[in-house]
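Q: Look at TrEMBL and you will find Arg88, His89, Gly90, Leu91, Ser92, Thr93, Trp94, Asn95, Arg152 tagged as substrate binding site. The compositional bias 'Polar residues' annotation in TrEMBL covers 1-14. Annotation comment: TrEMBL describes 28-45 as compositional bias 'Pro residues'. Summarising the annotation, TrEMBL assigns region 'Disordered' to 1-62, 102-121.
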Amino acid sequence: KGWGNPNPNNQLRSNSKTKPWKKQKPQSQPPKTPNQRPKPNPKKTPNPDKVQNNSLPMTGGAFDFKRATTSLTDDELISSPKRVTLVRHGLSTWNEESRIQDSVGIPSSERKKKGSSNMSVLTETGIRQAERCKKALANIPFDGCFSSPISRAKSTAEIIWQGREEPLVFIDSLKEAHLFFLEGMKNGQSPRFHVLFMLKYYSLEGIIYLNLKAVDAKQIYPKEYTTWREDPASFQVNGIYPLRKVWGTAREAWKEILLTPGEHFLVVTHKSILRALICTALGLGPERFRATDVNNGGITVFKFNPGGEAMLQNLNMTSHMYSDHVYLY
């Protein structure tokens, strides 16, 4: 008892004329009739969906995106549909030190006098990241490049653009957001407290900060720093809201880029202005500042219709940072 099958109905059913333990002979196929079409052989029939390198083509793209977002050209029609590729600069010295980036840098006239350069410049890693961007975008035909004139972005753009004949233009509307006294300070991630020696002077090109020792911003300006980190749209200094200002400069940059003759442009700039460019293109306000993130060397792609309305195609692509991936779009 208990050794047999309690439910004989669970046994495998077999043909009544054959025994289940004997190997079945394959049944012969009925002869083909003249009207019967032969079944296609998958090994011989080419697959129209297949392309080179055993990859599949892109499918399911949007037919149109009219009125998907607001016009970035104030409803002024552009010459033709455009594509814009955005790239964040490579790793800088202040990125590496977890310091809040500067928005101005030391102008060329002062560099000659003081033997200095912009306070935050590309590291060796940042240079290699820029070189990877160059290789990844080598097959993309650009009609021109727009870049921030600040050293870390300028150097990245010059590396990527090396060997191309199209114009490389530096525009102030692509500069980093100006965060006043927070610039150059630690991002609240360092437990050590440093003494700050800050020399502040004014020039025709803006306010310049020289930090001999960086401090933790959260310890010096706890209220202001917390507002910047947790509610950046409300961060203000003497009634000036940096994000409101950078939203305005982002729209200025978009308009200048989109009204320039050409079909595909490269833009190299900084993280905060990149976030503003992405958000303004999607119709998002400063309160959505931290809704997107872009890595050093990350690549973002937008398409624009003739009305200057945007559609996000790719966000923060970084495959080229970990492989020899080359983009083609």
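Including glycine, each Cβ sits where the backbone N, Cα and C put it.
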Q: Near Ser92 (substrate binding site), how many other Cβ atoms are within 10 Å of its Cβ?
A: 27
Q: Would you measure the largest Cα separation among Arg88, His89, Gly90, Leu91, Ser92, Thr93, Trp94, Asn95, Arg152 for the substrate site and round it to whole Å?
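A: So the maximum pairwise Cα distance among the substrate binders is 15 Å.
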Q: When neighbour density is defined as the number of other C-beta atoms within 10 angstroms of a residue's C-beta, which of the binding-site residues Arg88, Arg152 has the lowest density?
A: Arg88
Q: Tally every other Cβ atom lying within 10 Å of the Cβ atom of Trp94 (substrate binding site).
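A: So the number of other Cβ atoms within 10 Å of Trp94 (substrate binding site) is 24.
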Q: So if I draw a 10 Å sphere around the Cβ of Gly90 (substrate binding site), how many other Cβ atoms end up inside it?
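A: Result for Gly90 (substrate binding site): 27 neighbouring Cβ atoms inside 10 Å.
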